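Annotated domain 'PAS' per TrEMBL: 646-692, 746-786, in sequence order. The transmembrane segment feature in TrEMBL is assigned to 43-62, 74-91, 97-121, 141-162, 188-211, 254-274, 286-307, 313-331, 1021-1040, 1321-1343, 1564-1587, 1593-1609 (among others).
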Amino acid sequence: MDLQSNFSKRISDRNGFHLYVERAKNLIFTVASQLLHEDQQPLMWNLIAIIIQYFQLTYLLFNSKIQNIWKNQPVSDAISYFLSCFLLSPYTTLQNYSLLIILLYLCIGIFTFSMMLTFFIGLGLNKKKQENNWIKKGLKIFINLFLSILYLPILDIFITIIDCGYDKNGIYIHNQFQEQKCWTDTHILHGIVAILFAIIFYGYCVCFALLYYESKYEPTNPNSKMSGRPLMMLFTYELIQTVTQKLIDGKNNQYFQIIFLLGGSLIIFQKFHTEQPYNQKMIQKFWSISVTLNVWGTLLLCCSMFLEKVIFSGIIYAFISGLPLLIFTIFRMEKLNFDLLLINHSKVNDVQEIINQTNYLIKLLHFIKKDSDAQIIVDGYLEIHRVTCVREDCYLKIKNQPNIRLTNSLLRDSTLTERETDLIFVLGQIYYNQIKRFPESTTLRIRYSFLLSDYMRQLQQAFNELTQAEQMSPSFDEEFVVLRKKFIIQEQLDSFQNENFGKVDVASQISFQNNYRQLLQYIEQTTLSQMEFWSVLQEDFPDLAKVYQVGQKINKLLKLIDILWIKIQKGTSNISKAMRLYGQFINDVLQDEDYGQQLLKKSEQYQQQIQQRKKQIIQFIAGDEIGFEQQATVIVSTSIEKFALVITLNQSCCHLIGYTKQEIINRKINLFMPNLYQKFHDQYIERFLLTSDIKNINKDRFIFLKDKQNYILPCYIVLRILHTIDENVNLAAQFITIKAFKPTCYLIIDQEYNIDSISATAIQLLGMENKQVINKKLRFDLLFPEFIENFLIYMSKFGGKIKYEQDNFQNQFQQINQIMIDKQQEFLCVVREIVNITTNEVMGYYIKLELCEQVFQNSKDLLQPQKQIQQSLQFKYIVNQKLYLGEFVDENNSKLSQSILWDQIEQSSLSSSNQIVNETTHQESHRRRTIRLSVHDKPIINYGENIRVLRLFQNQIQEIDDKDNIISDDEEKESVFQAQQDLNPINDQEQIENNIFRSRKNLENIITSTATPKVIKKVKWISNIIILIILTLSFIDYFIAIDQTDQIFNTILLVKDGNFRNSELGIILSSIFNLQLLNRNVFNLTTDQALIYEQEQRKIINDSINNINILNQEIISKSSSLTSQNYDFEFASKNVKIQLNDQDQFEYYDLNQAIQQVLSKSLAIRDKKLNFISHMDSDVNFVVRNWLNNLQYSLKESLNNLIDNLIQKTMEKISIFVVLLVVSISTISIGLFLLIIALLSVSRSQSEIVSLFLDIPDKTIRYLYHKSENFLTNLQIGEDDDLMSENDENIDKEENAQLQKTLKSKRTKKKYKNANKEYKYFIYIITFILIVIQGYFILTYFLSGATVQNIHTLSGEFNLTARTEQFYRFSEICQRSLFYSRNMSILEKEPYDVIVDNQDELYSHNSYMQQLHSLNIDLLQQNFVDSFNQLYIDDPCPIVIQQEQSINVESCSLAMDSGFSQGLNVGVPRFFENSRYLRTIYDQFYNNPKANFTALARGYAIFRNITKDNDNSTNFILNLNNFLHAKENREIQHHYFKSVFRYLTNQFIEGLNNELGNLKLQRLAIFILFEALLFVIYFLLWLPLALKMTKDIWSTRAMILMIPLKIILRIRSIKDYIRNQIQEGDQDT
């Protein structure tokens, strides 16, 4: 029986919810028990783990929520920083929220993997031992980490996810990451996952904390402890503290937290330090130190809260300085627990006091040999206990009684000192007595069973105590300890065999009786179920569901019977009664005649062996049974009342010594001992009982008996110890007489050589009688004068010759001996000492005198026995009287005319069974020459056994079935020659297949094969393929979604980079215009101001060129996100027309090359002197003309392509998600269809097996019913002893004939009802599971699709936002170009018309952008909305100052006459109006040299003659650049709009990135949950379901064995099904 089945057998009678609870417990029990078999981690690692756990526990006192209680910020911060290194969540503080989420799912992944290993081991999915060992080692590492240093960090990560609170604005945000709002968007998912896994993780750790430890006291094992509950309390305390500190506002609830800290620390202090649960000394020391320091810190935290800076200062320093002192004190302190030793057992009211005392005594027991203090404590306790114990059976008071040491083998253990033995037995009596007072205490019984099994070696009693504890509804951890210990004890009991066949173990006999009664009960239940099964089949419309249900019940009962039968076989050697019952059950009910008859024959043989007289064997408990013993046997009591008195003896012993039973019983055994032995025999028995010296037990020893005539009898004695039912000890002695082949006599002499006793043969050899020895002292040295001289020779191994003269005898008696012997005889003399072992004193000698050979030949007429004539026993059969006449006939005269001749010489070669049957007959035949042998007692010899009949047919040697194997009616109609139609000859494999029906054993091996059925293999293949496809689809869906998300975000970045690139090109052009204007002295600047301004513009050109290069690299790096058309336009297609000079020379480039051309010219302009920078310069003209015309067209087209690419990609991604959804729906639908078909095939396979029973004829079913009914009737009326009938052979023939007659009856195909409906529920469950799985793909579709659709909707607003800066700049540059020269075309158009169009578009652009923003307000991320509102509605100056370091608060607040600080809703229109105003003034100045500049300027500018001529119109227009409106627009455009719109664009991108990031996190979380769901579905639902279906098919197949083999051979459908469906399937497997 393996460990898993040992735990599983408890749940066979459970159902519903309790069944699943018990299965879960069974799984956890199995895993914990298997892990405990593995080697434990080293002591050093355990100590390091305890230190780390203390640091983690102390972190709760320095958490950020309550750290301020110490009122010493620098020191508490330093301590908190150090302690936070041992947790995980503090590492995310300096990072972002995403790292916390990553750690969350990393912890979930590790924990899920650990759970997967747990289920893998618990369900026993892998049968390979080596792989299982690696899995167990991996799981053991995880469990050890979870139960030590990883528990609080992982739990802290789970709780940190929901560590939220309200900010100043009343928004519920994360306390650690202020930007993350709680219980919105993805945080809802993360929070639910964290809470769920926190609960599961806590339950998982608590379960293993309660179970994963060694409950046996092993002081060297780091994992040995009394209970796992202290660790459970610690985990609960840490969970409560983490939750309260994370979820409760620390500032307002500090008193509440302090109460929890103080109360919890005191509880774990009591559990770890006071109770001291750990058995390993160093482990216990470290835990005591840890919890004490924790209490110390908690107390000082309370003091700091109330007294710091009120009465005391620097309490935190007291905490630090007190740590080493406490560590040293506790490390040196030894807890002696003397108070436990003074407990008065008669007045104890709490059972826990007894448990604590016994635990402490067991601890002392282990240190007795090493620790002198422990020895003193134990001695004192034993002395006090001996004095105070008032019970009469107190061990310390009766331990010196003679028979005490024989009652238990523990007292004879030389490895134990007397002190240890006394303490063990005192502990046993304490447990035994206190269990009577506290019978409901499960813990007390468990501890008692450990003492019985580990110390007192009473395994059976320990097993019984655990069985009683199991029936008392123990707690979760106690139940595991009980079941695990029972399994260990059962293994030990199974491995122990009876070393001495004659030794009777009362506990084993009681266990056998219990097992026999249970076997009888199971057989009755099985027989009743068989009757119910056959009765259901007799109905007109059999209920197949009920047939299946009853059949499964029978299978379970048969398994229990098999297990119990194996247990009975291992438990005792006398199983004839149980074997007879079991064999008759097999024969009558299960109809397995071969095995049943085999068991019955074995039972008969066992019974004959028990009754047979055998040598050196005692098989009895009570004295009445020794009458069957052949050898002389006597039983002597060792009790105080009947010490050394004979209790009983058998008749053989009476014949041997010449007494009757009445003369011997209740008299001392000294009665039939030689006189010399009588003097010290009582002392010998007392010494034997006191010292328990069992070296002479079960061994042959040479002794002398004294018969009633006072003659000694030499014999061998075999001594046995009998444990009686009343827990007493008796001694059984068996005497084996010695056969002498030469004339021999024995004499016993004392130390003075006076003859004390003689054997009866001395009369013939020495002429000496016993009355002569008794009446007068005879000296042996006077009878044999040379005896003293050659004494040493006679003491040697082979002795020496000695002469005997009758004259010496006559001289001593002074009379003539009337017994006539030879005057002089020679003997071989052997002398041995008779020693009193008690005093080691020689009491005398016994002498063996053996007549020498020559004398022996002379006196052969007197001494030699008559020569035996070789005779043989010959039988003659008398037909009329039906008798066998047997007589012994001389070999020479015997004639073998009659039947049988048995040679007596060769009788020893016969089997032991024949000797048992005929031994008594042969002994009686010496007195009677004729015996009667009953016909039934005649041994039947099957001469045809193992003989096969073969024939040659179609060139193949084939085996012919026995004539009893009658084929079915259909088979009888077939012709033998029909086999010729088979083209394939019969091969060896087919011959093997046919042989499966030759015996039930072969058939059983095939049917009960554990090979996976074909239909189950198909189901598993389909399910595995579906799971793999779903798993693959989930991975594809997840990674495609992540990839598509990355592509969309890269496209967004491309749009941003394209717009920023255009803006930087505009900045370059704007600076070039500024340098031109500076060259023409348009600006009213001093020389120094002009120089500084020139340097600034050159630096701006240089920076912009570098920025453009960086942006180009960014675009190139993201080119994979471009469409082929966009890529060609950017880098391949030369469709950008670049004008090289004024002579209309053009060249075509791709956009990237064109931009590089502009940049190269810009670099040249940057390095030119100011006086060369004018519109007449070719480089300036190249840059200005191309940027304003063809290049601008290409740049706009590039931006349009990029935004179109973004829109196109979002649409494509939505289509991809639709395709994935359709594929998943199709795959899951097809998989569901295939699974339903496979499950229906499994159901059909089971229904086919059950329907096979309908092919059995009704009369046959009734026959089987009556067979079971008759067996049950005989069983219930108590005729189990008569189950073996003497007429079995005739009865079997009659029953076979009756059975054959029923099989020939007409068969009618019955209709049935209620086929197997269980699989319909399986189909519903699987359909629901697949719908849940499909829900994942639907959910991911909506999540991804919704996000991508949002981005698609927001792409228009994003495009406008990103283009705003470069469009405003382009409009401003166009106006400046118009002011500089009207001859420069813009966009290949009249520049004035472009200016007008631009100003109109500015208003449209701004209004449309705000319109889209209001429409998309619900789709936008909050960060962008907040930024937009701050820029357009609130004061944008903080953002501008943050983005542009050259702007200060004062300049920003005064910009646009303080209009900019009122928001872009004011500033942007002001920019537009400035442009419009300048255009209006331009209209007044253009071609109007007579315009009134002063009136039109209105004081915004002062006229300067810039051209140094009379061209007033040109001067007027150039002076427009000095208008305050133009200056304001230049400054706002370059410093303010650049900063705010780039910031707004980045915020938009950040919002989109957050949305995509949230999508990624959502997809990651859902993906992990889905994979965990797949794991749960596959390992927790599907694999157990597949295993259940496999076991159902196996058990359904096993129902076929309920049909007798003879019936199977007659019913073709059953036979074909076994051959085709089962045998071929197993062979394929």
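Cβ atoms here come from the backbone N, Cα and C positions, even for glycine.
All annotation found in TrEMBL is predicted automatically rather than curated by experts.
Below 8 A, the CB atoms of the transmembrane segment (188-211) and the transmembrane segment (43-62) form no more than two pairs separated by six or more positions in the chain, fewer than 3 in all. Count of Cβ pairs under 8 Å against the transmembrane segment (313-331): among 74-91, 97-121, 1321-1343, 1564-1587, the largest is for 74-91. The average per-residue pLDDT of the prediction over the domain 'PAS' (646-692) is 82, rounded to a whole number. Relative to the transmembrane segment (286-307), the listed stretch 254-274 leads the set 74-91, 254-274, 1021-1040, 1321-1343 in CB pairs under 8 A. Residues 52, 55-56, 58-59, 62-64, 67-68, 99-100, 103, 107, 149, 152-154, 156-157, 160, 176, 316-317 of the same chain sit 6 or more residues outside the transmembrane segment (74-91) yet have a Cβ under 8 Å from a Cβ within it. Most Cβ pairs under 8 Å with the transmembrane segment (1021-1040) belong to 1564-1587, among the candidate stretches 97-121, 254-274, 1564-1587. Under 8 Å from some Cβ of the transmembrane segment (1564-1587) lie the Cβ atoms of residues 101, 105, 108-109, 112, 116, 119-120, 123, 125, 186, 189-190, 193, 1016, 1019-1020, 1023, 1027, 1030-1031, 1034, 1038, 1322, 1325, 1329, 1332-1333, 1336, 1339-1340, 1343, all in the same chain and six or more residues away from its ends.
Helix, strand and coil counts from DSSP across the domain 'PAS' (746-786) read 17 helix, 12 strand, 12 coil. Per DSSP, the domain 'PAS' (646-692) is made up of 30 helix, 5 strand, 12 coil.
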